Amino acid sequence: MRRIVRLVAIAWWLQLKMRSRSAFDGFLTLLWPLFFATTIFLMYRQGPTDRSAMASTLVGAGVMGVWSATATASSFVLQMERRQGTLELLVAAPMAFPLLIIPLTLSMATIGGYSLLATLLWGRFAFGIPLQVKAPAAFAMATVATVAGIAMLGFLIAIASVRYRSAWALGSALELPVWLVCGFLVSVSDLPGWCRPLS
């Protein structure tokens, strides 16, 4: 068990360092969440301003960034390994293959965690949206659990899309429906009745 934890931790750290230096991932991580947040905040400011709705939108826009950083990248992560000639090495490694893929998607979700933090700070300082957290420890634990859950969902997407040549399109196609169904953009109560059980 200790070897597995060490493997996942070291592979996560290495993947995190590599992905944080990627120009593509860096652009998406730095600017994309701020673009989402600005668009959503400007859209919601046009209507009647409800402070609790704006705070919910602030958190929803941050989680959108985590999902966006994970969904698109995890859908083509194994194809990138195939193109670089390292997929065969991962499959033939002495450790179980899923233990080598989990750090990839976990690093993407961790980078997406930055977008959550950046969105919260952007909303607070650029738009003056107050975010009052009644239980900071519970909020921090829920944030870590959300990032880990999205990472595991990214892992499932990576495994499911390994055989498709245009797997990146699958990740992009999953982005917007998840935003809507999970209530990141609009309240779940505003959705049609048939899609509420999905959320």
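Here the Cβ of each residue, glycine as well, is placed from N, Cα and C on the backbone.
Annotation source TrEMBL lists domain 'ABC-2 type transporter transmembrane' at 9-196.
With a cut-off of 8 Å between Cβ atoms, the residues of this chain six or more beyond the transmembrane segment (23-44) that come close are 53-54, 57-58, 60-62, 64-65, 68-69, 72-73, 108, 111-112, 114-116, 118-119, 122-123, 126-127, 129, 185. Residues annotated as transmembrane segment in TrEMBL: 23-44 (among others).
Here TrEMBL flags 56-78 (among others) as transmembrane segment. Within the chain carrying the transmembrane segment (56-78), a Cβ under 8 angstroms from the stretch's Cβ atoms is held by residues 19, 25, 28-29, 32-33, 36-37, 40-41, 44, 87, 101, 104-105, 108-109, 111-113, 115-120, 123-124, 129, 131, 146-147, 150-151, 153-155, 157-159, 161-162, 167-172, 174-175, 178-179, 182-185, all 6 or more beyond its ends.
What TrEMBL records for 90-117 (among others) is transmembrane segment.
Positions annotated as transmembrane segment by TrEMBL: 137-160 (among others).
According to TrEMBL, the feature transmembrane segment maps to 167-189 (among others).
Long-range Cβ contacts of the transmembrane segment (90-117) within its own chain (Cβ-Cβ under 8 Å, at least 6 residues beyond either end) map to 4, 7-8, 11-12, 14-16, 18-20, 25, 29, 32-33, 62-63, 65-70, 73-74, 77-78, 81, 143, 147-148, 150-152, 154-155, 158-159.
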